[in-house]
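These features come from Swiss-Prot:
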BINDING   HIS12, ASP15, HIS113  Zn(2+) binding site
Amino acid sequence: MYNADVLAFGAHSDDVEIGMGGTIAKFVKQEKKVMICDLTEAELSSNGTVSLRKEEAAEAARILGADKRIQLTLPDRGLIMSDQAIRSIVTVIRICRPKAVFMPYKKDRHPDHGNAAALVEEAIFSAGIHKYKDEKSLPAHKVSKVYYYMINGFHQPDFVIDISDTIEAKKQSLNAYKSQFIPSKDSVSTPLTNGYIEIVEAREKLYGKEAGVEYAEGFFSKRMLMLDHDVLGGEQ
């Protein structure tokens, strides 16, 4: 078992990088232990293959500096509420034992992203129940902080994190997914192959401008936030 600072869940490999790649790189710079879990193998993606996607995901995790990347095999486009799915995610949570869990924001054009969040929320609750049995009979674990990152779209976040120093790492991690974002003569045209990385960069640029920095990623919090600094910007 691990004692992770952060465990970030995505429905598909590349979700986490899109939503919070810069923040992961920032956490790693701060010597935080960060782990990623992809719920599906993205086997229904229009481009690439499962084996290639795994290679790309491993490279993206290396670029960001994540300590570990876990691959579950829940069905792509089949992230429905089930005991088996929840139990699999509970096992991951109890293995990683994170302080904070990040997951996709529910308001998203892709149903898998919202469904992933619903499953992870259920698993977080069950992971803290001592009598709930996971796949490995691990001890219960209560997650302290729960946050949501954005994949598709632009929403007014609860807070943003400055990623001005790590935006390049984020872009490099996305470019590791050549099969998804870089069109080729054999690729199918999708929203991802039509300037998607540039769109994500523009979004983070806008969040940064609104917050007074160059780039920022936006998040939602399950609970009300207590700031570490006062409204005048000084340290408490």
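Here the Cβ of each residue, glycine as well, is placed from N, Cα and C on the backbone.
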| query | Just how many other Cβ atoms lie inside 10 Å of the Cβ on ASP15 (Zn(2+) binding site)? | reply | 27
| field | Cβ-Cβ distance under 8 Å to HIS113 (Zn(2+) binding site), same chain, at least six residues away | value | ALA11, ASP15, PRO104, TYR105, LYS106, ILE151, ASN152
| query | Under 8 Å Cβ-Cβ from HIS12 (Zn(2+) binding site), six or more apart in the same chain: what's there? | reply | ASP38, LEU39, THR40, ALA42, SER45, ASP76, ASP112
| Using an 8 Å cut-off from the Cβ centroid of HIS12, ASP15, HIS113, can you name the remaining same-chain residues around the Zn(2+) site, in sequence order? | GLY10, ALA11, ASP14, VAL16, ILE18, PRO104, HIS110, ASP112, ALA116, ILE151
